[in-house]
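J.: The structure's right below; bear with me while I get my questions together.
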Amino acid sequence: MLDLKLLRDRPEQVRQALQNRRATVDLDGILQLDRERRQLETRKGSLQAESNSLGKKVGEIIRQGADPQGPEVAALRQRGVDLKAEIAQLEQQERELEEEIRARLLTLPNLPLPSVPVGRDEADNVEVRRWGEELKPAHPVLPHDEIAEKLGLLEIGRAVKVAQSRFVAMVGAGAALERALIAMMLERHIAAGYTEVIPPFLVNSAALQGTGQLPKFAEDSFRCADDDLWLIPTAEVPLTNLYRDEMIPAESLPLYFCAYTPCFRREAGSYGRDTKGLIRLHQFQKVELVKVTRPDQSEAEHEKLVQDAEAILQMLELPYRVVELCSGDLGFAAARCFDLEVWFPSQNQYREISSCSNCWDFQARRANLRYKEAGQKGTQFVHTLNGSGLAVGRSLAALLENHQQPDGSIRIPKALRPFLSSRFLSEDGILIPAA
C-alpha cells in the first residue's frame with residue numbers, strides 16, 4: 001500500500017510513476033476524500049476542546065454560587081450532551097472515510113523505483129546478463145511434454161479425467177525427478193542461510209490482502225467461500241504474512257525463509273496460451289524464497305536473492321538470462337523486479353522460470369509489518385522481497401529439453417543425481433524411466 005502522506009505531498013510524482021506503470025487510478029478522488037477526513041478531524045478536535053472546557057465551566061459556576069439544578073447549569077450540560085452526540089457522528093463519518101480511503105489505496109500498485117527502466121510491456125524489458133550456451137542441436141529436440149509422455153513420466157489424460165484441463169499427474173520416474181528437484185533446491189537454500197518453513201496451503205483474505213493479491217486479483221485465485229480461506233497462489237503469501245501485525249527487533253533482521261508448496265492459480269486471462277505441458281497449470285510445485293529486511297538492506301538483499309535463484313539453474317546446467325522488468329511490466333506489488341528466463345530449445349526462446357521482486361515497504365504497509373531499533377522511539381516499516389527458487393515444473397520441463405540426448409534419453413545433471421533414487425539412474429547418469 002502506498003503512503004497516503006506521499007500522495008498528499010507529492011501527487012504529481014506519484015501520478016507520473018503510476019503512468020509509467022500504465023496504471024489508471026483516480027488520485028484526485030483519494031486526495032479529496034483525504035481532505036474531507038482531515039476537515040472532519042479538525043472539526044472534531046474543536047468540538048472536543050469545547051466539550052472539555054464545558055466540564056470545567058460547570059464546576060466553576062457552581063463554585064461561584066450557581067444553582068446546580070438551575071437553568072444556566074442545565075443549558076451547559078445540555079450543550080455537553082449535544083457535543084458528545086455531534087462528536088460521535090463525526091467519528092462515524094471519519095471511520096467511513098478512512099475505510100473508503102484504505103479501500104482505494106489497496107487498489108493502487110506499487111511505485112517503480114527510479115532505477116527501473118521506463119517501458120510499456122515485456123518488449124521493453126532490459127537484458128542484464130546470460131549464463132550458459134543455448135542448446136541448438138543438430139538433432140530435433142522433442143517438447144518437454146512429448147518426451148515426458150513418451151518416457152512415461154507424466155499422465156495428462158488421466159489427470160484431466162480426475163480434475164480438468166491444466167492439471168497433470170507425475171508418475172514413476174517423473175514423480176521421483178520432481179521430488180529430487182525440490183530436495184536439491186531446498187538443501188541449497190538452507191545451506192545459504194534460509195529457514196525452511198512448511199506453511200499453510202490455505203490462507204485467509206487478510207493474508208492475500210497483505211501481499212497484494214486482494215482485492216485486485218481475486219478472480220485468479222481459488223476460494224473456499226464458506227471458510228474465508230483461499231488456496232495459496234504462491235508461498236510468498238503465507239511466508240510474508242508470518243509476521244503480520246508484529247514488530248520485529250531490528251537486530252533480528254534480515255529474515256530469510258524458504259518453502260516448498262503446491263501453488264494454485266486459475267490462470268484467468270491465459271486462455272489458449274501454453275495449453276500443453278508443465279508451463280501453465282492450475283496446480284504446480286514451487287520453492288519460494290522470501291526476505292524481510294531493513295530498508296537500508298533491501299537493495300543488496302535483492303541482488304543476493306537473484307543470485308540464489310540463479311544458483312539453482314547453474315546447478316541444473318540450464319542456460320538462462322536475467323532480465324530487468326520495465327515499469328509497464330512490473331507485478332502489482334513490485335518496486336523492482338528481475339526475471340530469470342530459462343532456454344527452451346523446442347521453442348527456440350527463453351521462458352520465465354523465476355521472478356525476484358523487491359516490494360520495498362508496499363507489502364509491509366498492507367500487512368502492518370514493522371521493526372524497531374533498540375533504544376529508539378517509534379517503529380518503521382520493513383522491506384519485503386520474494387522470488388521463485390525455482391518453479392519446479394518449469395525446471396523439470398527445461399531439464400527434459402536441454403539434457404535430452406540424440407537417442408531420446410535424458411541426462412541428469414551431476415548436482416541433481418544425489419537426490420534421485422539410484423533405481424532411476426544409470427551408472428553414466430541417464431534417467432531410467434521405468435524402474
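Just so you know, glycine gets a Cβ as well, placed from its N, Cα and C.
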J.: Select one of Ser115, Ser388, Ser395, Ser409: the residue that Swiss-Prot places in the L-serine site alongside Thr234, Ala235, Glu236, Glu288.
T.: Ser388
J.: Excluding Thr234, Ala235, Glu236, Glu288, Ser388, please set out which residues of the same chain place their CB within 8 Å of the center of the CB atoms of the L-serine site, keeping sequence order.
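T.: My list of surrounding residues reads Val237, Leu239, Ala259, Thr261, Cys263, Lys286, Val287, Leu289, Val290, Asn386, Gly387.
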J.: Over all shown protein chains, what is the count of other CB atoms within 10 A of the CB belonging to Arg266 (ATP binding site)?
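T.: Step by step: centre on the Cβ of Arg266 (ATP binding site), count other Cβ atoms within 10 Å, giving 17.
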J.: Report the largest Cα to Cα distance, in Å and rounded to a whole number, among the residues Arg265, Arg266, Glu267, Glu352, Ile353, Ser354, Ser355 that the record lists as binding ATP.
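T.: Output for ATP binders Arg265, Arg266, Glu267, Glu352, Ile353, Ser354, Ser355: max Cα distance 19 Å.
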J.: How far apart, in Å, are the two Cα atoms that lie farthest from each other among Thr234, Ala235, Glu236, Glu288, Ser388, the residues recorded as binding L-serine?
T.: 9
J.: Measuring Cα to Cα, how far is Ser388 (L-serine binding site) from Ser354 (ATP binding site) in Å?
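T.: Rounded to the nearest whole number, the Cα-Cα distance is 5 Å.
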J.: Once the chains shown are all counted, how many other Cβ atoms turn up within 10 Å of the Cβ of Ile353 (ATP binding site)?
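T.: Other Cβ atoms found within 10 Å: 26.
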J.: Sort Glu236 (L-serine binding site) into helix, strand or coil using the DSSP assignment.
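T.: The three-state answer is helix.
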